[in-house]
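Here's the structure, in structure tokens; my notes come after.
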Amino acid sequence: MGHGVAQLLAQAGYIVRIQARRETSLETAKKMITNSLKIMVDKGMLSQDKMEQTLDNIKYTTDLLEAIQDTDFILESIPEVLETKLDTYEIIESIVSEKTIIASNTSTFPLKELTQRAKHPGRFIITHYFNPPQLVPIVEIAKFEKTDENVVKVTYDLMKEIGKTPVVLKKEITGFIVNRIQVAFLRECFNLIELGVCTAEDIDIAVRGSMGFKWAFCGPMESQDLAGLQTTQAMVYNIEQDLSNTREVPKFLKEMVEKSEHGIRSNKGFYEYDDNGAKAIYTRDDNFLDLLKLIQDKEAKKEKTASAVK
Ligand SMILES: NC(=O)C1=CN([C@@H]2O[C@H](COP(=O)(O)OP(=O)(O)OC[C@H]3O[C@@H](n4cnc5c(N)ncnc54)[C@H](O)[C@@H]3O)[C@@H](O)[C@H]2O)C=CC1
Ligand SMILES: O=C(O)[C@@H](O)C(=O)[C@H](O)[C@@H](O)CO
């Protein structure tokens with residue numbers, strides 16, 4: 001995720017420093033960024049010059065001090081382990097000025113937990129991107145009662161400047177908006193697999209061609225209005241009582257992780273790969289760029305019509 005966000009900032013003209021602990025991680029980051037930019041160039045969505053400028057804007061280092069000194073904005077995107085994040089913030093706060101904003105790309109932790117050892121909790125904020133962050137339009141911004149208003153404003157403006165659509169949460173909550181919905185949704189996907197109703201592949205086919213088809217243009221709430229809320233009420237009433245309400249991670253998922261079936265990282269997850277997902281990532285990015293272009297063209301048309309009406 002970190003390299004995707006770095007790419008996004010660099011594309012917007014910012015000088016970005018990526019820090020990782022190992023040279024090999026930095027090499028992987030550089031390769032992933034170059035591949036991602038190349039697809040954009042191949043599709044005529046980015047010039048070769050812009051690609052080179054973007055690559056020039058990114059500096060790589062294994063030295064945290066070198067990476068973060070004299071910077072205005074830091075994005076932490078290390079694994080989702082609270083202790084590791086807290087240790088890292090302690091080091092960061094001992095290096096940077098009080099004014100530096102520290103953003104986290106956490107998928108789950110609220111700021112109340114992330115700032116429990118912070119010297120200056122007011123400078124912390126959550127910018128939750130979606131994978132791949134350089135392409136998915138939304139960033140959730142989560143603040144809490146201690147977050148400085150200026151930190152929220154600067155972060156919001158930065159997200160807009162780099163072409164994202166920020167959604168600011170009104171209240172702090174574990175998992176924010178999307179991952180709460182995603183986990184509720186996944187709970188039922190896992191339940192259907194455990195009940196033997198369908199396979200993982202069946203779920204992907206069914207969802208891609210139904211909700212997945214609709215939701216880029218017509219969200220789940222608007223979809224209910226278009227369907228009719230009496231039907232929504234009947235559907236919720238008839239199905240809700242039959243849904244999984246487990247609070248456990250399913251046994252089969254734990255077993256997959258234990259057997260190192262981690263998805264593309266180990267070439268086996270719900271599907272099998274032989275190239276660490278290189279083909280799957282290419283196909284995903286190719287499709288997402290087509291969708292992004294369609295959305296951007298439609299937005300531009302809407303703006304044009306609105307100004308013509310004025
Ligand atoms: N994978 C995803 O789809 C998404 C992940 N996130 C969040 O973004 C964060 C990162 O996730 P991923 O990119 O998936 O993880 P990742 O494991 O692919 O990347 C994290 C990188 O941080 C490195 N790292 C670990 N400890 C470190 C330390 N102390 N200092 C410097 N580097 C360190 C790891 O070696 C690894 O290269 C997590 O908080 C995750 O929940 C958010 C949105 C989507
Ligand atoms: O889908 C995403 O990119 C995000 O909702 C996440 O934060 C999660 O980490 C997700 O990728 C894991 O399934």
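The backbone N, Cα and C atoms fix where each Cβ goes, and this holds for glycine too.
What TrEMBL annotates here:
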- Ser36, Lys43, Ser107: CoA binding site (BINDING)
- 1-171: domain '3-hydroxyacyl-CoA dehydrogenase NAD binding' (DOMAIN)
- 175-273: domain '3-hydroxyacyl-CoA dehydrogenase C-terminal' (DOMAIN)
- His128: site 'Important for catalytic activity' (SITE)
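Per-residue confidence over the domain '3-hydroxyacyl-CoA dehydrogenase C-terminal' (175-273) averages 98 (mean pLDDT, predicted model). Ligand 2 lies within reach of Ser107 from the binding-site residues Ser36, Lys43, Ser107, judged by a C-beta closer than 6 angstroms to any of its atoms. The separation of His128 (site 'Important for catalytic activity') from Ser36 (CoA binding site), Cα to Cα, is 20 Å. Other Cβ atoms within 10 Å of the Cβ of Ser36 (CoA binding site), summed over all protein chains shown, number 24. Mapped onto DSSP classes, the domain '3-hydroxyacyl-CoA dehydrogenase C-terminal' (175-273) shows 62 helix, 3 strand, 34 coil. Around Ser107 (CoA binding site), the same-chain residues at least 6 positions away in sequence with a Cβ under 8 Å from its Cβ are Glu80, His128, Gly175, Asn179. For ligand 1, the binding-site residues lying close by, meaning a CB under 6 A from one of its atoms, are Ser107; the full candidate list was Ser36, Lys43, Ser107.
It is Lys43, among the recorded positions Lys43, His128, whose Cβ has the fewest other Cβ atoms within 10 Å in the structure shown.
Overall, the recorded CoA-binding residues Ser36, Lys43, Ser107 cover a maximum inter-Cα distance of 31 Å.
According to DSSP, Lys43 (CoA binding site) is assigned to coil rather than to any helix or strand.
According to DSSP, His128 (site 'Important for catalytic activity') is assigned to a strand segment.
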